[in-house]
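This report concerns only the one structure given below.
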Amino acid sequence: MLPLSGLTDEQLHQAADRFGTPLYVYSAAELDAALGRVQQAFSGTRIWYAMKANPNLTLLRRMRAAGVGFECVSAGELARAEHIGADAEGILINGPAKSDAEYAAGARLGATFILDRPEEVALLPAHARVLIRVNPGLPVSTHDHLATGAADSKFGVRPDELPATLSALRDAGHTLQGLHLHIGSAIRDAADFGAAFERVAALRAMTGPLEVLDVGGGWGLDADLHGIAAQAQAAAAVFGAALWVEPGRYLVARAGVLLTRVMGHKTTGRAFTLLDAGMTELLRPMLYGAEHPVRALWQGEQQQVSDLAGPACESGDLLGRDVPLPAGATRGDLLALLDAGAYGAAMSSNYLTRPRPAEALWDGQEWQVIRRRETVQEVWAAEE
Ligand SMILES: Cc1ncc(COP(=O)(O)O)c(C=O)c1O
């Protein structure tokens, strides 16, 4: 059988036995391979990791060592960047509703600010370095909750607001470094990128030449990175700008697997395989209708179709629908949900006083626990 994300079935069994389930495991080899693919396709481009995809400190330290900067969207993410030693040149601060604390932290760290609405000009710290996020106002081929470049999304400055925003920035003594764009996540049709890049390139008449064009992330896991890179470079060239990118999911999704054990079976109007992981460990299926490939780590000749149900008292707590699995699973058998390294652990929650899962990294030689399992006492600690 093929290894998963550079991990063999034996290694996965070993991790589940040692660290318990639910458990996130990551392959260092796959992390390196994903970054290598990006570096190759976008050669000479500044890479910023969208930390929201997976903010684990060990993963961040690996990225930093490889020269990657961080796109942060909260005071907590800025604190993580600072904690691992990222410097002013390595931090972007973004977000549609930054708090006073976030402006102050960004200023203290010397971060570059991504301006999301004209009103923010008056909120920026003095002499800020700024990218203006533009909303291209185009349909985007992804789940509605993941589309950020559509005209009705809450993100970015409208092109018609750009001239006034540019002069307000100048009058306030800030430095315009460039434009920013991020049209959404898990985008299915790569043509959406080209359309958005062209729309932004057309703004050259308003902005003049720029230092930077940041085209965000959002690439599908099977995306043609070379094709996207060529289109992005062409748009950057219109401004005479250096190209920046902000991938999140692409860098970490394939490297991560959520390991969960079968708790039993049930048939009502539908057939269910009951698991010890659910929406509290992996929210994406419930939040975005995301479909994660599944791999059963038990043997069985015949396939049976069932829904994968988590332990929460929520009907929507399903990790998959109509999933074919080998028949005959018994309690304790191991199931792997693949491509779970992005927005998996990052979105896990303590709902139902469930401690968030442990995370472990296979470095090619051995397992390293990179986040220990929370305890129940830690979940309620802030209430005592
Ligand atoms: C501004 C910005 N940049 C980059 C990303 C990364 O997107 P993805 O993980 O799909 O590459 C996001 C994610 O939503 C984002 O909001």
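Any Cβ shown, glycine's included, is placed from N, Cα and C.
According to TrEMBL, the active site, proton donor annotation covers Cys313. In three-state terms derived from DSSP, Cys313 (active site, proton donor) belongs to neither a helical nor a strand segment and is classed as coil.
Counting only residues at least six positions away in the same chain, the Cβ atoms of Ile47, Trp48, Tyr49, Ala50, Glu71, Leu92, His182, Asp214, Val215, Gly216, Gly217 sit under 8 Å from the Cβ of Glu246 (pyridoxal 5'-phosphate binding site). The pyridoxal 5'-phosphate binding site feature in TrEMBL is assigned to Gly218, Glu246, Pro247, Gly248, Arg249, Tyr343.
Among the features that TrEMBL reports, substrate binding site is placed at Arg249, Arg284, Tyr288, Glu314, Tyr343. Here the Cβ of Glu314 (substrate binding site) has 15 other Cβ atoms within 10 Å, regardless of which shown protein chain they belong to.
Per TrEMBL, domain 'Orn/DAP/Arg decarboxylase 2 C-terminal' is recorded for 24-341.
Look at TrEMBL and you will find 30-253 tagged as domain 'Orn/DAP/Arg decarboxylase 2 N-terminal'.
Taken from TrEMBL, the feature N6-(pyridoxal phosphate)lysine covers Lys52. All chains included, 19 other C-beta atoms sit within 10 angstroms of the C-beta of Lys52 (N6-(pyridoxal phosphate)lysine).
The binding-site residues Gly218, Pro247, Gly248 differ in how many other CB atoms lie within 10 Å of their CB, and the one with the most is Gly218.
Site extent for substrate: the farthest pair of Cα atoms among Arg249, Arg284, Tyr288, Glu314, Tyr343 sits 27 Å apart. Under 6 Å, Cβ to nearest atom of ligand 1: this is the test, and of the recorded positions Arg284, Tyr288, Cys313, Glu314 it is passed by none.
Nearest in space to Arg249 (pyridoxal 5'-phosphate binding site), taking C-alpha to C-alpha distance over the recorded positions Lys52, Arg284, Cys313, is Lys52. Taking the Cβ of Arg249 (pyridoxal 5'-phosphate binding site) as centre and 10 Å as the limit, one finds 24 other Cβ atoms among all the protein chains shown. When secondary structure is read from DSSP and collapsed to three states, Arg249 (pyridoxal 5'-phosphate binding site) falls in the helix class.
Restricting the binding-site residues Gly218, Gly248, Arg284, Tyr288 to those with a CA within 10 Å of the CA of Cys313 (active site, proton donor) leaves an empty set.
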